[in-house]
Amino acid sequence: MEKTATGTVVWFRRDLRIHDHQALHAAWKRGGPVACVYVQGFDEDKLARAQQTWMSQARKALHRSLMQKYETSLWCCKPSAHGYESVAQALKTCLDAIGATHLFYSRRYEPDAATEDDRIEQLIKEGGFNARGFEGHLLFQPMEVDKWMSSGKRIGRAHYGTLLPMLHAFKQMGDIGKVLPAPPSLPCLPRDSQRKLELVCTSMTKKKSQKEGALAPWADKLMQAWDVTEEGTRKALDEFIRQKLQKYEAQRSRADLQAVSCLSPYLASGMISPRTVYAASLQGEQGGKQSPVSKTFSRRLLWRDLAYWQFYRYPHLSHKPLRAHHTSHAWSQNREHLIAWQKGRTGFPIVDAGMRQLWHTGWMPQNIRMATASFLTEYLNISWLEGLSWYRDTLVDHDLAINSMMWQNAGRSGLDQWNFVIHPITSPKSSDPTGEYVRTWVPELAKLPTRWIHQPWEAPDQVLDAAQIRMEVDYPTRIIDNLEDARNATLKQTLDMQRSADPFFHTVGGYDVIWFRDISSAEKEAYLSSVDFQAWEPVFVHVFTRKELRHAGSVEERTQKTPTSSPVPSTKKSSTARKRTKVQRASNQTLLRRYYREAQEDTE
Ligand SMILES: Cc1cc2nc3c(=O)[nH]c(=O)nc-3n(C[C@H](O)[C@H](O)[C@H](O)COP(=O)(O)OP(=O)(O)OC[C@H]3O[C@@H](n4cnc5c(N)ncnc54)[C@H](O)[C@@H]3O)c2cc1C
């Protein structure tokens, strides 16, 4: 602790907690007065309505915790304009006002956000202050994970970008560190500093009575399903650990039993740290070594880190297919289908239940998210980007890295393409065998016996009469009559897209090929025109491709094919371009030969 330490400003964003908060802890350790600040509008314009509402409640909760424990306020400062320069200026004004010398904050890892943070930190430093970002949003930082994930070696037979190499990386990286308690005290600002801060910021105590922005009444309603307080967060964790964790392995897929933790919005807003959740899910063993009570649950937190690693490595994760040739997939533009899906009026009860739960609570369990996503991309052939955008708008736990990774996978263009399609009639046998999930969210079907609840159109008239359901009047007709035809049509579209893609995008075994890393176009140019291209490896990697989607063919057949697209499209057929195409073909052949060998080794 510094003896006569100057003040520290702790800048809160998506880390709205006092426990296991490394930046706050470091500020307390420094010893000088601490001002807890958030910048109004910063980051919020990137959040959709549901999450904005959650964040506004979570800030109030943080303010209450700060007041109760330290008698200090959360201060809101308002930049004069949009943009990172104004944010940096607003923070410098706060630092100046109280004579503080240090700015501490928790790092964000989405590529754009990380760049923005670097720029702000730079401007703060140029202003003569110290600025430091701390960890805490993830178990491990993506750049640390990257060292293991991208070492160029495949981990056993695990496919690149899937959870197995991540588990391997996790083991290598070692301990996640100790969960930090809330600082025992925070030195308050002297009165005159407080008065000066009041000139540039508003205390949340004063803001309390004012409504923070006009939020949609719909989004306000969502909050009724949640307890967005520090106590609510702790209660959600404690109840899960005491009552559900032991049964997580067996029951996690049961939407009718509410067997999962529902911690995702608390994690997304930083009301709880992943380290706290991970540590709470361990149990003591003989010899004092701790191990997870449920392997699957602990791995869920690794999935979180995996998503951030994917985003770090592929900054276009949120808006462009990772399998580049998938850009040419012919998605359906049927708006009626999309709206029926969004509003939970598809006529398929499990899909409608999920989408209505999302609308009313801003949340769904994982297997129902998967069922609704699969329905959109596999049966309706509607783009994963539409799904991503709707989830982004309506989820209270929206997380751009996770949402993007999962939708890319659902849309078949992600690193870990799903190896299954979720059937909307047969899958509820395991996800909602009692029908209670559908009864809760599709109340018009509540009186139907379980036998018919997932396919009410099959119910005999007398059953429908007894359940007081008039099909088409009380509950919508199915938007697709024949699921198998719809599914086959999507499959055909996908295979057509696979066949018409440049051979460059497939291995001989039919696996999709992607750039190993997100390299600049200048690098791509250099690679493609380099005769000594082997020196560049690894530049490509093959990724898991569902068997039915593999486009196989002989090396000759596929390399002789005229490319219909190329990672570096050449507009004019100059002699250099022709030469480059030749070199590219040659490199394809070498690659394909290499992949051919790999595919032979890879028996899956
Ligand atoms: C299409 C789609 C979109 C999704 N979008 C999001 C999103 O925007 N935000 C989000 O937090 N989760 C998202 N998920 C992942 C997952 O569905 C939710 O994290 C989970 O349902 C939240 O419920 P829970 O807290 O009870 O999870 P639990 O099963 O109790 O898991 C505990 C925690 O692990 C993390 N986790 C669980 N599953 C995953 C996963 N597959 N990938 C990464 N982390 C995971 C979450 O932080 C979760 O809170 C998405 C899943 C799908 C299929």
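For all residues, glycine too, the Cβ spot is worked out from N, Cα and C.
Now, the feature entries from TrEMBL:
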{"type": "BINDING", "residues": "TYR248, PHE297, ASP397, HIS398, ASP399", "note": "FAD binding site"}
{"type": "COMPBIAS", "residues": "561-574", "note": "compositional bias 'Low complexity'"}
{"type": "DOMAIN", "residues": "6-139", "note": "domain 'Photolyase/cryptochrome alpha/beta'"}
{"type": "REGION", "residues": "552-589", "note": "region 'Disordered'"}
{"type": "SITE", "residues": "TRP331", "note": "site 'Electron transfer via tryptophanyl radical'"}
{"type": "SITE", "residues": "TRP384", "note": "site 'Electron transfer via tryptophanyl radical'"}
{"type": "SITE", "residues": "TRP407", "note": "site 'Electron transfer via tryptophanyl radical'"}
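For the pair ASP397 (FAD binding site) and TRP407 (site 'Electron transfer via tryptophanyl radical'), the Cα-Cα distance reads 15 Å.
Checking the recorded positions TYR248, TRP331, TRP384, ASP397, ASP399, TRP407 against ligand 1, the ones with a C-beta less than 6 Å from an atom of that molecule are ASP397, ASP399, TRP407. Those residues noted as binding FAD (TYR248, PHE297, ASP397, HIS398, ASP399) have their most widely separated CA atoms at a distance of 23 Å. The Cβ of TRP331 (site 'Electron transfer via tryptophanyl radical') lies under 8 Å from the Cβ of ASN381, ILE382, SER383, each of which sits 6+ residues away along the same chain. Sequence-distant neighbours of HIS398 (FAD binding site) (same chain, 6+ apart, CB under 8 A from its CB) are LEU47, ALA48, ALA50, GLN51, ALA268, TYR391, ARG392.
When averaged over the domain 'Photolyase/cryptochrome alpha/beta' (6-139), pLDDT in the model lands at 95. In terms of local Cβ density within 10 Å, TRP384 ranks first among the recorded positions PHE297, TRP384. Secondary structure of the domain 'Photolyase/cryptochrome alpha/beta' (6-139) per DSSP (helix as H, G, I; strand as E, B; remaining residues coil): 65 helix, 27 strand, 42 coil. Straight-line distance linking the Cα atoms of TYR248 (FAD binding site) and TRP407 (site 'Electron transfer via tryptophanyl radical'), rounded to a whole number, equals 24 Å.
A distance of 21 Å separates the Cα atom of PHE297 (FAD binding site) from that of TRP407 (site 'Electron transfer via tryptophanyl radical'). Local packing around the recorded positions TYR248, TRP407 was summarised as the count of other Cβ atoms within 10 Å of each Cβ; on this measure the leading residue is TRP407.
Each of the binding-site residues ASP397, ASP399 was scored by the other Cβ atoms within 10 Å of its Cβ; the lowest score goes to ASP397.
Taking only the Cα positions, the spacing between TRP407 (site 'Electron transfer via tryptophanyl radical') and ASP399 (FAD binding site) is 12 angstrom. DSSP assigns PHE297 (FAD binding site) to a helix.
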